[in-house]
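Enquirer: According to TrEMBL:
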type	residues	note
ACT_SITE	355	active site, proton donor
BINDING	289, 325, 329, 356, 383	substrate binding site
DOMAIN	35-381	domain 'Orn/DAP/Arg decarboxylase 2 C-terminal'
DOMAIN	61-292	domain 'Orn/DAP/Arg decarboxylase 2 N-terminal'
MOD_RES	70	N6-(pyridoxal phosphate)lysine
Ligand SMILES: Cc1ncc(COP(=O)(O)O)c(C=O)c1O
Ligand SMILES: N[C@@H](CCCC[NH3+])C(=O)O
C-alpha cells in the first residue's frame, strides 16, 4: 500500500496538515510529541453514518450503535458518543468504570468477553448492564449463581461462533471454529435450553462478532444467515429472542483499502434481516474501528536520520508502545510530514527508540524530511492509544481533541512520577 486514506477532519493545505482548523505542527509545538490528535468532526461524521441507517424508511428506530470502546476509551470520546446516543460494548470492569465516569449509563452497555471474572460480573450486575454476551456454559453458570446471590435476574445473549471466514488478518478473525470466541454453532441451541432453565437468567438476545478490519459485506451476511436460522429454531422451542447483536468488524481505509460505505453497510444488513421476515428484532451494531480509526493521528518527531548499509532509518520519538499495530499485525499506517520541507525524498524505515527489532511504525516509506520535522501517522484513532503500554518505562502519549478551532487536552502526557506510582522497594 502506498496511497493515503480518505479522511474527514484531517486535510492537507499547501503542504501543511490540519486537524479541522488547527495546524498539526502548531499542536506538536504546543503540546509536544508523541501525541494523539482526534477530530470531533470525524467522530460525529462516522456516528451519523451508522445512525442514518438505524432509522428505517418509515421513521422507526430498528437498530442502535454500541461503540466497542476497546478501540478508543478516552473519556472525552466516550462522552461525545454517549451524548450522540450510542450505547457501549465493553469487555472489562475497567471499561464499565470508564463509561460511568464519562456520563454513560450501564443500562446502555453490553458486556462481551470470554473471561469475565466474578468481580466483573458482580460489578456489572449491580450497575445494571443491559446484557451479558455469554461465551460458554461455565460462564452462564457463574452469572446465574452471582445473580442469584444478589436476588437479580441477569439479562443475557449467547455469543454464537458462526464459523465463517471473515477474510482478515488471522489475529483479528474471531468467528472461526478454531477461535476461542463464542459458542460453537452446533452447541448453541442446547446452551440456550440450559440457560432457559436457569432461575436467575433472562434470555434477551443473540450475539455474534466475526472479526475486525473486514472489507467485504459477504462474511457478515453469511454469519447473519446462520444466526437468523438459530433464532427461528429457538422460537419454535418457545425461546424468544428480542435482539440481535451483530458485533462490529467493518474495516476502514488505511490507504488503498475500499471498505463499504458505513450507511450502505448498515442498511444492507438491516434490509437482509427484514427480508428474512425478522421485522421486530431490535438490532445492535458494535463498531469500534469504523467509528474512530480515521478520526485520529499520532504525531511524532523525527529525532535522527540514520543511514544503514541496506536501509535508511528514520528514528522517531513514538514507538511500538505508543502504536502497537505495525509490530503486532504488520499493519500499514500512512505516514506524512505535517509540514513539507524542500529536501530530497529518501526511502526510510520509520522506527522507534524501543529496544526491539519489531519496533517499527512504517517500512519502505519515501519521505522528504530532516531531523526536527514532525510526522503524522494516519488512521491511528482505533487501537492506538488504547493498546499503548509503558514498555521501556516510556510515559504514555498525550491525547488532544480538536473541535473546529478549539484544542482540548483530553489526556495529559504521563509523567515519570505517575509511571512509578504504586511501586515500592523492599523495606
Ligand atoms: C465483541 C466485539 N465487538 C466489537 C468489536 C469491534 O470491532 P471493530 O473495531 O472491528 O469494529 C470487537 C473487536 O474486534 C469485539 O471483539
Ligand atoms: N486490536 C486490533 C483489532 C482487534 C479487535 C478486538 N477484538 C487492531 O488493532 O486491529
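Just so you know, glycine gets a Cβ as well, placed from its N, Cα and C.
I'm curious about the neighbourhood of these features; can you describe it?
Expert: Under the DSSP three-state reduction, residue 355 (active site, proton donor) is assigned to coil, being neither helix nor strand.
DSSP classifies residue 383 (substrate binding site) as coil under the three-state reduction. Taking the Cβ of residue 383 (substrate binding site) as reference, residues of its chain lying under 8 Å away and at least six apart in sequence are, in sequence order, 70, 71, 72, 288, 289, 293, 324, 325.
The predicted model assigns the domain 'Orn/DAP/Arg decarboxylase 2 N-terminal' (61-292) a mean pLDDT of 95.
Taking all protein chains in view, 20 other C-beta atoms sit within 10 angstroms of the C-beta of residue 70 (N6-(pyridoxal phosphate)lysine).
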Enquirer: Using a 6 Å cut-off on Cβ distance, which of the recorded positions 355, 356, 383 come close to any atom of ligand 2?
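Expert: Among 355, 356, 383, near ligand 2: 383.
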Enquirer: So which recorded positions out of 289, 329, 355 are up against ligand 1, CB under 6 A?
Expert: 289
Enquirer: What's the CA to CA span in angstrom from residue 329 (substrate binding site) over to residue 355 (active site, proton donor)?
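Expert: Just about 18 Å between their Cα atoms.
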Enquirer: On a simple 10 Å Cβ count over all chains shown, which one of the binding-site residues 289, 325 is most densely packed?
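Expert: It comes out as 289.
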Enquirer: Report the same-chain neighbours of residue 355 (active site, proton donor): residues 6+ apart in sequence with Cβ closer than 8 Å to its Cβ, ordered by sequence.
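Expert: Non-local contacts for residue 355 (active site, proton donor): 392.
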Enquirer: Give me the non-local Cβ neighbours of residue 356 (substrate binding site): same chain, 6+ apart in sequence, Cβ-Cβ under 8 Å, ordered along the sequence.
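Expert: Result: 320, 327.
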